[in-house]
Amino acid sequence: MNTINPSISTGVNMRDKQAAEIPVPQDKPEDTIIEEGKTVGKPFASDPKFQLRNVSVSYGSDRAIKDISLDIGRNEVISFIGPSGCGKSTFLRCLNRMNDSIDICRVKGQLMLDGEDIYSPKRDVVELRARVGMVFQKPNPFPKSIYDNVAYGPKIHGLANRKSELDEIVENSLRKAGLWEEAKDRLDSVATGMSGGQQQRLCIARAIAVSPEVILMDEPCSALDPIATARVEELIADMSKSYTIVIVTHSMQQAARVSNRTAYFHLGHLVEVNETNKVFTSPEHQLTESYITGRFG
Amino acid sequence: MQTANLLPLVLVLAVVAYGLAYMRSRAVAAPLGGIRNLKALPFYYAARAALWCAIPALIVLAAWAGFEGKIIQGIVIASLPQETWPESAGEASLILSQISNVAAGKLNPEFVPEHIAGAASLLENLESQSRNFKAILVILIAILGAAFAWTRVAPHINARKNVETTLRRIFFVCAALAVLTTAGIVFSVIFETVRFFNRVPLSEFLFGTTWSPQTALRADQVGAEGAFGVIPLFTGTLLISAIALLVAVPVGLLSAIYLSEYASRRVRSTAKPVLEMLAGIPTVVYGFFAALTVAPFIRDLAEMVGLEASSQSALAAGLVMGIMIVPFVSSLSDDVINAVPQTMRDGSLALGATQSETMKKVIFPAALPGIIGGILLAASRAIGETMIVVMAAGLAANLTANPLESVTTVTVQIATLLVGDQEFDSAKTLSAFALGMLLFIVTLLLNVVALKIVRKYREQYE
Amino acid sequence: MSDQSSQAEIVRNSLKRRYRKERRFRLYGMVAIFIALGSLFILFADIIGKGHTGFIKTTITLDVTLDSEMMYLDDPTDEDQRSMADFVAPIIDALQDHIPEAETAAEKRELGRLVGNYAASEVRDLLENNPDLLNTTQTIEFLAHDRVSTYVKHAGNPRYSIKLSEQQQRWVDELVEKGVIDTSFNDVLFSRGDSREPSNAGILGAIVGSLLTMLVTLAIAFPVGIAAAVYLEEFAPQNKFTDFIEVNINNLAAVPSIIFGLLGLAVFIGLFGMPRSVPVVGGMVLALMTLPTIIISSRAAIKSVPPSIREAAEGVGASKMQVVLHHVIPLAMPGMLTGTIIGMAQALGETAPLLLIGMVAFIVDVPTGFFDSATVLPVQIYLWASSSEQGFIELASAAIMVLLTFMISMNALAIWLRKRLERRW
């Protein structure tokens with residue numbers, strides 16, 4: 001799914017990242033049906049949390065994202081769907097600058113969170129990530145106890161003054177992630193011993209613990225069995241009341257179940273954005289229709 | 001004929017056998033309608049002939065060359081008049097060197113006792129006989145082997161299978177040489193060690209606090225037996241290794257972290273190979289540096305602040321040894337840190353952790369077992385290092401924890417006790433083998449434990 | 001929502017402190033790198049600083065009149081006469097031409113001590129080989145005495161003590177002014193074996209000894225290492241004994257080198273009665289020591305040959321051994337060579353095991369065969385470094401520079417090979 005090989009992405013120098021904007025060669029659109037920068041449907045929202053304008057991302061000379069403009073509304077759940085390699089994960093990782101750790105990755109365009117530029121040199125990436133949390137494709141609990149996993153974020157940010165406050169944060173987060181009942185008796189056991197579904201919910205609890213405003217989810221259920229998937233989806237529905245959620249998914253059913261709006265990506269282009277039921281019942285763009293009817297993907 | 005000349009001769013014979021068998025296989029094939037009707041290509045018949053020619057001959061040659069010296073020496077010693085038979089191995093080697101000097105013409109036979117001169121001529125005689133026999137035997141075997149293979153060039157014989165089986169066996173023997181080497185190491189220390197413990201009790205060796213192996217020259221001298229308590233050597237070794245690790249672990253670990261997490265690609269690609277150069281520098285160079293530059297510098301520095309420092313100090317040896325093992329620690333830590341999955345890093349960064357927080361609180365704890373394994377390997381290297389300590393740490397077996405004093409180590413004692421002429425029977429010489437045994441066991445244990453930890457750690461993330 | 005914004009406030013407030021920590025951590029890393037690279041720099045600077053003078057020799061060029069009366073020598077071909085003759089007298093006489101003030105016997109003796117101890121034998125050898133030169137005047141370049149050499153090269157350096165009398169120092173100054181005493185490139189270093197006198201000592205013997213030893217090591221370790229690697233990767237059955245071999249190889253790679261010296265002493269010299277101090281035994285010991293390195297890197301090279309190649313060869317009916325000999329080994333060869341060169345560089349710098357098998361003897365002659373007594377370059381460095389004669393220190397440093405040059409070129413060759421020949425699949 002990810003076009004990036006994570007193993008090469010060691011060696012990070014945040015300051016270097018923002019420095020040079022390499023001009024991107026304007027290659028011809030691969031698919032004549034798509035017009036670059038044109039998105040059908042309703043890409044803009046009235047009360048936007050994110051305002052993203054003319055975003056392009058390139059890895060070296062490869063353009064992974066081509067001139068995308070999109071709003072993400074406050075407390076909205078939006079799904080990114082599309083075939084493999086269409087750039088949806090890359091785009092998601094721009095929203096909390098996780099792409100910073102890839103040397104050759106360059107982001108162009110305007111990305112605003114609550115009216116402030118995400119990629120501005122003055123923007124602090126640590127603070128940004130505290131506000132924009134992320135859940136990954138593969139559950140990645142730290143090899144520590146369940147308690148320590150959830151407490152990790154609050155601890156590094158200094159969110160708790162006392163142990164009792166920390167306990168409270170941990171308990172609340174685990175409750176919100178629907179994991180409290182299963183985990184309360186073994187908070188001290190190592191997190192990697194849990195089942196895949198539990199691990200993923202733990203990762204969600206870990207993200208919630210720092211009280212982010214936005215949670216980015218990169219195919220959170222792709223490594224889980226159907227029952228665990230159902231529980232995570234329930235959880236997403238619960239969380240939508242208090243968080244803005246952006247979810248990349250491979251499963252159209254999942255997009256249909258959890259999201260308000262759905263965005264369809266194709267080869268680095270944002271083809272169509274609309275209310276979820278609109279996208280799945282009467283897509284406006286020919287490519288979207290082909291995709292949801294399973295002609296490719 | 002000398003062994004050195006026989007070896008090429010056998011190889012030439014093998015080449016000849018190869019050529020002859022090649023021609024014969026074609027000749028055999030010709031009336032049958034070409035080499036298609038042979039079970040194997042002519043190459044394999046030829047290769048088999050070469051192997052048959054060379055291998056048995058080389059084995060005989062190696063065995064003969066390995067044992068002829070000892071056997072001839074035995075015969076020569078036995079030929080001496082009974083009253084002049086050597087009483088100890090040391091005396092025997094003395095007499096033998098005298099005899100061989102006479103035989104080689106370095107010593108005038110008129111100046112030595114008659115029985116020595118007689119033995120010398122016997123030695124000369126035996127040696128020339130042995131040379132002749134060896135040459136005849138080896139050449140005969142080579143020719144017989146080749147002849148046998150020659151008769152077996154026949155269309156129904158699958159020479160390829162034979163050659164491949166033989167090659168595979170040769171490969172196996174090469175691999176098994178590692179086992180033989182280990183066995184050889186154990187063998188070479190164990191007998192002398194047992195003999196040593198027949199004279200010096202194990203408890204005295206392990207718990208004694210004085211080490212002075214200088215046995216007296218005359219038997220009636222006081223303290224004739226020397227003292228063989230290994231504790232001062234052990235503390236010396238530990239002191240120097242501890243200093244070395246105190247330098248190498250933080251420097252190596254932090255440089256690995258800096259290079260893999262912070263440094264730009266350009267800095268990394270130059271700093272890393274330069275750092276690895278430290279590992280390629282011969283230890284004798286470090287020893288030179290420690291003894292002639294660092295040790296005097298430390299002594300002067302200590303004197304300036306009013307401390308007393310020996311001109312050969314544990315500190316100098318330890319510091320330099322630490323620098324030597326920095327690349328060792330850093331490349332192992334680098335491996336281990338990079339083995340922690342990227343998802344772990346992403347998970348922490350996505351929560352808003354800074355890089356140092358991610359490193360200290362997530363990556364480092366996750367990598368800790370691997371890092372500990374690496375440190376154990378580094379410790380085993382420090383304990384076994386010889387040249388730096390031989391040149392810079394000194395010989396005085398002081399029982400001290402003061403790094404400014406001179407101490408000695410296990411390896412230094414092995415080296416000094418065995419360099420130069422030794423009498424094979426004295427407790428002094430034997431003690432070196434006991435120390436070798438001790439060193440082998442300790443480093444082996446450290447390695448086994450470390451490799452186990454590292455392997456377990458790797459499997460965890462695979 | 002208020003929860004979120006108050007938390008964001010906390011995060012923002014903590015940032016300064018956390019970034020301070022971040023910077024401090026990064027600084028620690030930089031300091032560590034600096035210490036490591038700085039030590040390397042100091043080491044090199046120290047050795048070059050000490051050793052560059054080792055490449056300079058001090059010579060005294062004199063017009064020597066080979067007067068037969070002065071030498072008490074009528075017939076240079078007569079051995080008895082030669083052994084009684086005085087070859088120093090004409091040298092002192094020639095020096096007196098430049099320093100007329102030295103007149104008393106004591107002063108003449110002092111004067112004669114300006115040339116090296118081997119000057120007389122140089123004159124003798126010259127006459128023995130060319131008896132016609134008797135009673136002629138020859139311009140001969142002598143090596144200066146070590147004390148003179150030290151004075152000329154290091155006067156004013158507190159690390160060196162000057163052992164010339166004040167009178168001698170004056171003479172030397174005068175001779176330097178006249179151009180009689182001169183310094184030039186130290187070709188002695190590269191053309192002679194060891195000597196008791198620094199000015200007369202060279203590393204040729206050690207270099208040849210190293211070369212012979214390395215040849216033995218290479219001849220054993222390279223084929224055996226590759227064969228072992230091929231066996232373990234391609235033929236070894238999955239069983240206990242294979243595991244045992246692997247454990248052995250991994251452990252041998254970490255056994256202290258001095259232990260291999262014990263092995264050589266007890267097995268090769270003690271059990272097989274092989275001679276001490278010879279390149280054959282040294283080479284065998286180093287081969288055993290290097291084998292694990294070669295095996296491990298050769299196995300990695302074999303592993304990197306993709307299975308598709310093997311399958312393709314097997315698909316046309318090649319036997320397992322043919323696949324290995326025709327495809328796997330040639331394709332893995334660059335990697336194996338790289339590993340071998342690195343292993344050889346290691347062996348070239350090794351000292352400790354060779355001490356135990358007696359390669360520390362003082363050997364003047366340049367070895368000519370594998371069974372000649374010899375020493376090797378690192379051992380020569382060790383011997384000179386432990387010598388009390390100050391002139392040997394600069395020679396040891398110079399020898400280190402030569403040794404490091406060898407090793408760096410070998411490693412560079414390995415890197416070049418890896419870059420040039422290694423295939424990326």
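In case you wondered, yes, glycine gets a Cβ from its N, Cα and C as well.
For C:27-48 (among others), the entry in TrEMBL reads transmembrane segment. With a cut-off of 8 Å between Cβ atoms, the residues of this chain six or more beyond the transmembrane segment (C:27-48) that come close are 397, 400-401, 404.
Residues annotated as transmembrane segment in TrEMBL: C:201-232 (among others).
Feature annotation from TrEMBL assigns domain 'ABC transmembrane type-1' to C:207-414.
Taken from TrEMBL, the feature transmembrane segment covers C:252-273 (among others).
Within the chain carrying the transmembrane segment (C:280-302), a Cβ under 8 angstroms from the stretch's Cβ atoms is held by residues 212-217, 219-222, 224-226, 228-230, 232-234, 249-250, 252-253, 257, 260-261, 263-264, 268-269, 274, 328, 332-336, 338-340, 342-344, 346-347, 350, 353-354, 357, 359, 370-371, 374, 376, all 6 or more beyond its ends. The annotation transmembrane segment is assigned in TrEMBL to C:280-302 (among others).
What TrEMBL lists as transmembrane segment is C:322-345 (among others). Remote same-chain partners of the transmembrane segment (C:322-345), defined as residues 6 or more beyond its termini with a Cβ less than 8 Å from a stretch Cβ, comprise 214, 217-218, 221-222, 225-226, 229-230, 234, 290, 293-294, 296-298, 300-302, 304-305, 309-310, 313-314, 407, 410-411, 413-414, 417-418, 420-423.
Residues or ranges marked as transmembrane segment by TrEMBL: C:391-417 (among others). Sequence-distant contacts of the transmembrane segment (C:391-417) (same chain, six or more residues past either end, CB-CB distance under 8 Å): 47-48, 50-55, 146, 149-150, 186, 189, 197-199, 201, 203, 206-207, 334, 337-338, 341-342, 344-345, 348-349, 377-378, 380-381, 384-385.
Tertiary proximity for the transmembrane segment (C:252-273) is limited to same-chain residues at least six positions away from its ends with a CB under 8 Å from its CB atoms, namely 281-282, 284-286, 288-289, 291-293, 296, 350, 352-358.
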